[in-house]
Amino acid sequence: CGGQGGSFAVLFPLQFPNKLLLLAMFSTCIGGTFQCGYNISVINAPTKYVQDFINSTWMQRYQSNISENGLTLLWSTIVSIFTLGGLVGVSIGSTLSVKLGRRGTLLTNNCFSVMAALLMGLSAFAGSFELLIIGRLLCGINAGVALCVEPMYLGEIAPTALRGAMGMGTSIFLTVGIVSGQVMGLEEILGREEYWPFLLATTCIPAFLQLLFLPWFPESPRYLFIDRGNDEGCRKALVQLHGLAGSEGALKDIQAEKNNLVGFKARKPWELLADRSVRWQVITIILLNAAQQLNGVNAMYFYTQYVFQQSGIPTDKIPYATVGTGACECLTALTCGLLVECLGRKVLIAGGYILMSVCCILFTLTLALQHVSPVFPYLSVACVFAFVLSFGLGPGGVTNILTTELFTQTSRPAAFMIAGSVNWLSFFFIGLVFPFIVIGLQHYCFLVFFVVCSTVAIYILAAIPETKNKSFLEIQNEFQSSKKKTDVLPDEAEALLVSTSL
């Protein structure tokens, strides 16, 4: 990516996905991470209307107003049960991806979304807030399955040279889903009180789009060849996805991986955790997925309303500013998709965490100095956008790509179950603990996130090899060779100790 006149090539890889691969990415992501992002953000707009509905329903049933604590508990349950559903979805997603295939699991997953939309849409007419709770649980299950299986499918259908760019579809559509949920919740669209059941029910639209388009695309060629032994189906899928010229090289790569996995069956998560040969890969995905939730990006969104108010933005205009923040994250996800095959995974994710570390320090200082000068509120706004941009540039998208690339076919479903479980548990943990961190440390809470971001950046630079343009087998061999080097050191130290004692 360089040379005279190569500035355009620096930004855009020389090879682009063909139209069919792009359509496959759209069909996969629209019913997957797009729905996840949409359901994360869409619940924020009707907060007051849903709380009023809970209060009126309680009054009709028990002829008394619900207590403030009871209302808070029910509302918190409606919001946070999405996380519990995500954890359940990850648990079943990896198992279904082996039994039904990657594409088959994604199609089946839409049942949860359609049922959720039906329950939430009918909740107001039925006078039952319990339907909202069940609907949000089903939305979470849908999101958990999608975040587990979608990156696997995209990584397995993509050519090696485009695996990173295709994998970024997960992050791009997640951010587009978040922005779409924010936009749909604006008062001019479906943000009015009478429309909130329809707003929550719109989650079925991307599900129907996926059910309409995804069946036209083949199952993962790697799944067909390695897991099912369907050689002919694999060849047809490769020709359909890569064309006749590109299918031969991809088939050789899949055959080499299968030969290396002779005698191996799909692993369970506990088997993967006990396998010392993939110890560093497992440690890496656990650390990266925990950091993806604990790096402070959710805390930054928590502070956006306060920061925007301090900078003079009218209260009724803050939702539009929040949409702008989400749009920035979406823009950087697209930029990361263009750069990931040029700069590589390691540069983007390590650079993102380094920039986030700097932003944590600067944001802490600007919040502490809010009343010293009128310029500091505007600097705080700049820090918010810089932090979100840094997250979208690397950690937001590259994490899932690395989870796909660090494992071979028989280990990948279990790896995604471990990574997804850590991710959702960290999401739940930060939602539970963050309010207390804010109360205790106030704006100095970002010093905690500084420690997280800087620690992860150091680990990435020291321990993770570059995976760009490498086959899954080459990446595994590189980890094993680095492991042998680290294992030699204790042996040498032990020999030196013995000789010294003698």
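Every residue, even glycine, has its Cβ placed from backbone N, Cα and C.
Marked as transmembrane segment by TrEMBL: 20-40 (among others). Same-chain residues lying 6 or more positions outside the transmembrane segment (20-40) and placing a CB less than 8 Å from one of its CB atoms are 82, 106, 109-110, 113, 136, 139-140, 142-143, 146-147, 149-150, 153-154, 157-158, 162, 166, 169-181, 184, 202-203, 206-207, 209-211, 213-214, 216-217, 240-241.
Look at TrEMBL and you will find 25-468 tagged as domain 'Major facilitator superfamily (MFS) profile'.
The transmembrane segment annotation in TrEMBL covers 73-94 (among others). Note on the transmembrane segment (73-94): residues 39-40, 43, 47, 50-51, 54, 66, 105, 109, 112, 129, 132-133, 136-149, 269, 413-414, 416-417, 420-421, 423-425, 427-428, 431 of its chain, located 6 or more positions outside it, place their CB under 8 angstroms from a CB of the stretch.
Residues or ranges marked as transmembrane segment by TrEMBL: 106-125 (among others).
Among the features that TrEMBL reports, transmembrane segment is placed at 131-149 (among others).
Note on the transmembrane segment (161-183): residues 13, 15-17, 21, 25-26, 28-30, 32-42, 44-45, 147, 150-151, 154-155, 189, 206, 319, 322-323, 326-327, 329-330, 333-334, 336-338, 340-341, 345, 392, 396-398, 400-401, 404-405, 468-469 of its chain, located 6 or more positions outside it, place their CB under 8 angstroms from a CB of the stretch. Taken from TrEMBL, the feature transmembrane segment covers 161-183 (among others).
Among the features that TrEMBL reports, transmembrane segment is placed at 195-217 (among others). Within its own chain, the transmembrane segment (195-217) is flanked in space by residues 20, 23-24, 26-28, 30-32, 34-35, 38-39, 42-43, 45-46, 49-50, 53, 103, 106-107, 110, 113-114, 116-118, 120-125, 132, 135, 139, 142, 157, 177, 184-185, 240-241, which lie at least six positions past its ends and keep a Cβ under 8 Å from the stretch.
According to TrEMBL, the feature transmembrane segment maps to 347-369 (among others).
Per TrEMBL, the feature transmembrane segment maps to 375-402 (among others).
As annotated by TrEMBL, transmembrane segment applies to 414-438 (among others).
Residues annotated as transmembrane segment in TrEMBL: 444-464 (among others). Note on the transmembrane segment (444-464): residues 280, 284, 287-288, 291, 294-296, 299, 346, 349-350, 353-354, 356-357, 360-361, 363-364, 367-368, 402, 434, 437-438 of its chain, located 6 or more positions outside it, place their CB under 8 angstroms from a CB of the stretch.
Per-residue pLDDT, averaged across the domain 'Major facilitator superfamily (MFS) profile' (25-468), gives 88. Looking at 131-149, 347-369, 375-402, the range that has the most CB pairs within less than 8 A of the transmembrane segment (414-438) turns out to be 131-149. Listed as Cβ neighbours of the transmembrane segment (375-402) (distance under 8 Å, sequence separation of 6 or more from its ends, same chain) are residues 147, 151, 155, 163-164, 167-168, 170-172, 174-175, 284-285, 288-289, 291-292, 295-297, 300, 303-304, 307-308, 310-312, 325, 328-333, 335-337, 340, 345, 348-353, 355-356, 359-360, 362-363, 366-367, 369, 464, 467.
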